Amino acid sequence: MATSSSHNGRRASIASSSTAEDVEQHSEKHTSFDASDRDHDRTLQHTMVNSVEGHEGQEHEHLLEKAEDEEEQQPTQPPPPAKKSSTYTAVMWMVINTLATIGIVFTNKAIFSDPTLKLAQLTFAAFHFFITWLTLFTLSRPRLAFFVPRRTAIRDIIPLAIAMSLNVILPNLSLAFSTVTFYQVARILLTPTVAAMNFVLYKATLPRNALIALIPACAGVGMVSYYDSLPTDDVNVKTTSGLGIIFAFTGIFASSLYTVWISSYHRKLQMTSMQLLFNQAPVSAFLLLYVIPFVDTFPVWTEVPVNRWVMIMMSGVFASLINISQFFIIAKTGPVSSTVVGHLKTCTIVALGWATSGRSVADKSVIGVFVAIGGIVGYSIVMLQHKAKGGGKA
């Protein structure tokens, strides 16, 4: 969902829960974090829908590095005359992407709130993988030609397809057993987790000020985790269960590992993000078919209310809109615009989640929310300034 999303999206959802907006991605050894961060950004299209959406998941600093790389490789041409219609188109697709990301998080949360559907997570993930593949298949047709599909051997893509499945299922389980506020705030940890993995695996470093900004981001998530999971006597106040916290942190680890790993596949298979995802999605769905009968608990399908079926279809539509809007956002906006949109999605999802949680504005977890979001916004500002100056070593 293939959602995250989930941090970013530009770093998961959900596809879902995310922002996941939305999440960070790298692979080969680099001399500075900026180089690995650039590879990581190229996987946003994967994480956005697949982390709920994540959404999910963490897009605040990712969307446009790929576009910048492609521009550097093209011969210099005089800029075309400015067109208002181009600006309107970019704004329209950013609005669509924002609304679809928000919509997929809350739609999935409503679906998972149904006890008969909460334990059918693998089936739901397989559905989203199919929707993702169908969307990409449509966009690759000659009439649209957004990208040219390429094939690779299934054996080469199976490890990544398994990682992709975990990247979707664990965040979705987190959303099922958590409040929307906790789910979204926890996805902020994708940034420091990916940074840590890149340092351990590739000795990639961050600017000092960026590291400092991540300290309050992590502290804020810790505060929300504690206060949001405390039991309450008010039945109208929604809380996060212990399972929700476990799934959240294991999901963050899985999503981070997936994003660090995936950039190596870009180089190994010489594919773009869309070409790679076009190969991954159907393999992931097919592999899940072997596991679903042993893991999922199915409802009596004839007894599932019509409104739940409508929500499931809406979730698929939101996933498609997120994938489609990504193409236009990458082509027409810059890193500052995409960062602002990513933070807007995070803040909106957190605010709406808080409004529906039944908590008062005096609840102590609100402090953690502000601290976490403030830290990740500060991190994004530092990274944008660092890249504007040439992105040297920290």
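Just so it is clear, glycine is given a Cβ too, placed from its N, Cα and C backbone atoms.
Taken verbatim from TrEMBL:
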| type | residues | note |
| --- | --- | --- |
| REGION | 1-85 | region 'Disordered' |
| COMPBIAS | 23-44 | compositional bias 'Basic and acidic residues' |
| COMPBIAS | 53-66 | compositional bias 'Basic and acidic residues' |
| TRANSMEM | 87-107 | transmembrane segment |
| TRANSMEM | 119-140 | transmembrane segment |
| TRANSMEM | 152-170 | transmembrane segment |
| TRANSMEM | 182-202 | transmembrane segment |
| TRANSMEM | 209-227 | transmembrane segment |
| TRANSMEM | 242-264 | transmembrane segment |
| TRANSMEM | 276-295 | transmembrane segment |
| TRANSMEM | 307-329 | transmembrane segment |
| TRANSMEM | 336-354 | transmembrane segment |
| TRANSMEM | 366-384 | transmembrane segment |
Feature contact check the transmembrane segment (87-107) with the transmembrane segment (336-354), CB under 8 Å, 3 or more pairs: yes
Contact yes or no, the transmembrane segment (119-140) and the transmembrane segment (242-264), 3+ Cβ pairs under 8 Å, gap 6+: no
Annotated stretches the transmembrane segment (87-107) and the transmembrane segment (307-329) touching (3 or more Cβ pairs under 8 Å): yes
Interface-richest range of 152-170, 209-227, 242-264, 366-384 toward the transmembrane segment (182-202), CB pairs under 8 Å: 242-264
Recorded stretch that, among 152-170, 242-264, 307-329, 366-384, has the most CB pairs under 8 Å to the transmembrane segment (209-227): 366-384
